[in-house]
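Report on one structure; see the data block that follows.
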Amino acid sequence: MMFTKMHGLGNNYILFDELDNSKNELDDKCYSELSRKLSDGNFGIGSDGIIRICPSNKADFKMRIFNEDGSEAKNCGNGLRCVAKFLYDHLYATTQQFTIETLGGVVGVEVDVNNDNQVEYVLVDMGEPKLLKGMIPMKGDPFGVAINESHIIEGKEFHLTCLSMGNPHAIHFVENVNDIPLEEIGPNLEQSPLFPERVNVGIVHVKSRQEMDYRVWERGSGITMACGTGACASVVAATLNEFLDRNEPIVVHLPGGDLTIQWDTHGHVWMRGTAHYICHGEIDRSLLSNIRRKII
Ligand SMILES: N[C@H](CCC[C@H](N)C(=O)O)C(=O)O
């Protein structure tokens with residue numbers, strides 16, 4: 001079972017190309033355990049999770065993403081850029097614009113290529129954010145929204161702006177993103193009963209009307225170097241709080257690098273950034289057999 005490890009701003013995933021079904025060596029039920037096993041840096045490869053690239057009957061291709069803890073997520077911005085680069089570079093995509101189905105909906109991607117026809121930047125139409133609590137999901141009035149809403153969690157007050165980019169995000173604004181113990185407050189917010197499906201936690205400092213700092217505690221993966229859906233959610237949240245102007249391209253500084261995010265006047269959020277290969281390899285058959293024995 002061959003894999004390709006890639007990263008988007010240091011948010012790294014192990015990709016499996018399942019477009020040629022003959023290669024599909026593992027039962028669908030095994031992938032959560034495969035993600036847990038491979039994401040471990042000691043007993044596995046080490047990553048923030050795994051990504052399956054599959055055929056789709058709704059779009060040109062399909063992406064499924066599993067977090068480090070084995071939970072399957074509905075969207076992954078950095079993962080989408082990695083998948084788009086992989087698909088174009090491996091000649092599955094024959095045009096620079098194509099669509100990718102996620103559990104959170106179908107997204108459009110466009111790859112920018114260099115003189116060697118290798119992908120340098122990927123532009124993703126991440127679609128429209130979902131603001132209603134019932135869509136995030138978040139406890140409370142399902143037709144209500146959470147903008148700068150005060151919540152006491154584990155004795156600490158947070159002013160949360162919450163939304164979904166296909167996956168749930170809770171954003172808290174601060175003066176300095178490094179002044180907050182993310183390793184402590186991240187799991188407290190992630191596991192809060194406020195969020196029936198847990199939540200990705202973003203800490204944001206808006207530096208100007210064109211840029212912001214953002215750190216993330218990811219649902220199912222903990223602190224990562226970057227979160228594409230989270231960067232999108234942060235720009236929407238900052239705009240809703242009137243810290244930013246709609247339709248302006250915003251530079252989001254993440255620990256792993258920068259993304260450019262724009263929430264346009266039609267309601268779509270656009271993300272532009274890079275994706276890179278790390279390595280290629282093969283999963284040992286004994287590891288696959290152990291997973292099959294454990295799961296099936
Ligand atoms: N942990 C996320 C999925 C990965 C999202 C992130 N890596 C991105 O680039 O958007 C969740 O459970 O919703």
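Counting starts with 1 at the first residue shown.
Including glycine, each Cβ sits where the backbone N, Cα and C put it.
Among the features that TrEMBL reports, substrate binding site is placed at Asn11, Asn67, Gly77, Asn78, Asn167, Asn200, Glu218, Arg219, Gly228, Thr229. Mapped onto three states, the DSSP output places Asn11 (substrate binding site) in strand. Sequence-distant neighbours of Asn11 (substrate binding site) (same chain, 6+ residues apart, CB-CB distance under 8 A): Asp48, Asn78, Gly79, Thr224, Met225, Ala226, Cys227, Gly228, Gly256.
The active site, proton donor annotation in TrEMBL covers Cys76. Neighbours of Cys76 (active site, proton donor), defined as other CB atoms within 10 A of its CB across all chains, total 30.
According to its DSSP assignment, Cys76 (active site, proton donor) is coil. Annotated active site per TrEMBL: Cys76, in sequence order.
In the shown protein chains, 35 other C-beta atoms lie within 10 A of the C-beta of Cys227 (active site, proton acceptor). What TrEMBL records for Cys227 is active site, proton acceptor.
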Could you say whether, by DSSP, Gly228 (substrate binding site) belongs to a helix, a strand or a coil region?
helix
For Glu218 (substrate binding site), just count the other CB atoms lying within 10 A of its CB, please.
28
Validating a neighbour-count step here. Other CB atoms within 10 A of the CB of Gly228 (substrate binding site): how many?
29
